[in-house]
C-alpha cells in the first residue's frame, strides 16, 4: 500500500502533517508528482477520484499548510478522501509505539493498521461517533450559537456519543444537556465523515416534545426557535448541519405555504 513516488505518478495529492493540509494556491494539488516536488517521497494510495489516484503523503511543507475546511466547497467525494488522508496521516504519526508494551510499531501492508512486532497487538484508526440533530417545532427550527464558534453562525445541536450509549440515547442526552428540551419522532437522515477530529457525524431529524429552552452556557452562547423563512447566519453548504437545516426548511415550506 505504501510505496516510493515515481516521476510519472500523478493524481490528487493529500500532503498532511499534524492535521494540516498542503494547499498551494488554496487548492488540493492535482497532477504529476514531479510538478509538486514529491518524487522520492513515501505515498499511500487511499482511493480514486474521477478515474485518478488519490495519494496521502506525510510531510510538512514550509508554506501553504492550511485547514481541510478550506476545501469544503469542493465535491463531497474529494473532500471525504482528503479527510481520510488527514486522519490516516495523524493515525500513523500518533501510533509509532505500542500502547500496551511500548515497543515500536510498523504499518500493515494489507490494511490501514499499525502492528506491534513484540506483543502482536493491532491498532486501527480511531473514529469518534457523533450525533447531530435538527429539531422542529411547528414552523420553526431550534438553532444555537456554540461557544467554540464565535462567528455568528447558528447551527443545530450536536455532540459525541458516550461509551455504552446508543445513537438514540445520545440524541436525547445531548439535546437535554444543551437546551433543556425533550424530543420525539427521531429519524435517521444521513452520515458524514468529519475529521475535526476523527468524527463520524450521524444526522437525525426530530420533533419537539416538551420543555422550555435552558441553555448550557458551557456549550452554547444562545439557543432559540427560528421560523423557517427568517433564519440567522447558517453553516456553509457541504456540511451535514446545513443539509439538516435545508431539509427542515423544505418540510416547513411544504406544510405552511
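Including glycine, each Cβ sits where the backbone N, Cα and C put it.
Database features, via Swiss-Prot:
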| type | residues | note |
| --- | --- | --- |
| BINDING | 69, 111, 124, 192, 193, 194, 195, 196, 197, 198, 199, 241 | substrate binding site |
| BINDING | 98, 101, 116, 119 | Zn(2+) binding site |
| BINDING | 158, 178, 219 | divalent metal cation 1 binding site |
| BINDING | 174, 178, 219 | divalent metal cation 3 binding site |
| BINDING | 174 | divalent metal cation 2 binding site |
| DOMAIN | 125-248 | domain 'Nudix hydrolase' |
| MOTIF | 159-180 | motif 'Nudix box' |
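Using a Cβ-Cβ cut-off under 8 Å and counting only residues 6 or more beyond its ends in the same chain, the motif 'Nudix box' (159-180) has close neighbours at 128-131, 133, 135, 142, 144, 186, 199, 202, 204, 206, 211-216, 219-220, 223.
Between the C-alpha atoms of residue 119 (Zn(2+) binding site) and residue 197 (substrate binding site), the distance comes to 29 Å.
Under a cutoff of 8 A between CB atoms, and with a sequence separation of 6+ in the same chain, the neighbours of residue 98 (Zn(2+) binding site) are 104, 105, 116, 118, 119, 121, 123. DSSP assigns residue 178 (divalent metal cation 1 binding site) to a helix in the three-state reduction. For residue 158 (divalent metal cation 1 binding site), the spatially nearest entry among the binding-site residues 69, 124, 193, 195, 199 is 199, judged by CA separation. Within the same chain, the residues at least 6 positions away from residue 101 (Zn(2+) binding site) whose Cβ sits under 8 Å from its Cβ are 116, 118, 119, 121, listed in sequence order. Same-chain residues that are not part of 98, 101, 116, 119 yet have a Cβ within 8 Å of the Cβ center of the Zn(2+) site turn out to be 99, 100, 102, 103, 105, 117, 118, 120, 121. With residue 219 (divalent metal cation 1 binding site) as the anchor, the candidate binding-site residues are 69, 124, 174, 195, and the one with the nearest CA is 174. For the recorded site, residue 119 (Zn(2+) binding site), the DSSP three-state label reads coil.
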